[in-house]
Amino acid sequence: MAMLRAVSVTVGVLLAAATAADSWLYEEFTTDGNVRADYNAQGQQVASLMLTQQSGGGAFGSRQKYLYGEFSIQMKLVPGNSAGTVTSFYLSSGDGPGHDEIDMEFMGNSTGQPVVLNTNVWANGDGKKEHQFDLWFDPAADYHTYTIIWNDKNVLFKVDDLFVRSFRRYADLPYPGAKPMSVHATLWDGSYWATQKGKVPVDWSGAPFVVSYRAYSADACVPAEGSPLSCPAGTDRWMNRQLDDAERGTVAWAKRDYMRYNYCDDGWRFPQGFPAECSRG
């Protein structure tokens, strides 16, 4: 019996240590709306956002702002009929007309239809640069890792181990390189836009809708007023990151097999001519 008590105490101490090491939500973020936090059997903190018709959705935003970095999180999206819902993981400098933003938005769909990943980049209020992909797996069946790498050369979007998009910097074109940005996650009712351009709204009989986040990581530089950026050691792992030939191959694969919208193909949206980057390498 004494041995069992000793083992129980040891397991409890180890779990408490794991929990303390992985407590990221309230330490890193402020929350709004329907947000709850718990721990799984491995001691990982899991943040859940919930959406109901009566109380709306939930969100969390980082206390810290960053200027360049690698940002990653694991997400398990809304199961079943998620049409009309929008789940996000994104960076933003704020809500003003000249804001910068880097988006990964997941547009829900009817049961059995693929969830659409919408990627977008805003620079000084200039957006409309969406690439949208049908996800090639069920994002509600298990956790998958979603990553944004942001440096002064490009913005890279990654799903698990596969790069799906690179947004390059050009010296004469807008690029999110001057405004520090905070990290955000949201779940909301996007019925007016999300599914088939708003044709399929949220079916509230399936509420509450729940999306779960875990394993958040921000390996990034922090701006300091009047001083150089405060960057973690070894920033070369992302600060100079660009795609190699194999990674450009995965971007081409995603574009060929899973892309459903490319702003550079939307002549109706740009009757005066496509944005300049569309005609560059």
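Glycine is no exception: its Cβ is also placed from the backbone N, Cα and C atoms.
As recorded in TrEMBL:
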type     : residues : note
ACT_SITE : Glu101   : active site, nucleophile
ACT_SITE : Glu105   : active site, proton donor
DOMAIN   : 22-213   : domain 'GH16'
CARBOHYD : Asn109   : N-linked glycosylation site
SIGNAL   : 1-21     : signal peptide
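Overlay of TrEMBL feature records on the structure.
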residue: Glu101; record: active site, nucleophile; CB count, 10 Å: 20
residue: Glu105; record: active site, proton donor; CB count, 10 Å: 20
residue: Asn109; record: N-linked glycosylation site; CB count, 10 Å: 22
**Fill in**
Taking every residue in the domain 'GH16' (22-213), the average pLDDT works out to 96
**Message:** For the C-alpha pair, I'd like the distance in angstrom between the residue listed as 'active site, nucleophile' and Asn109 (N-linked glycosylation site), rounded off.
**Reply:** 24
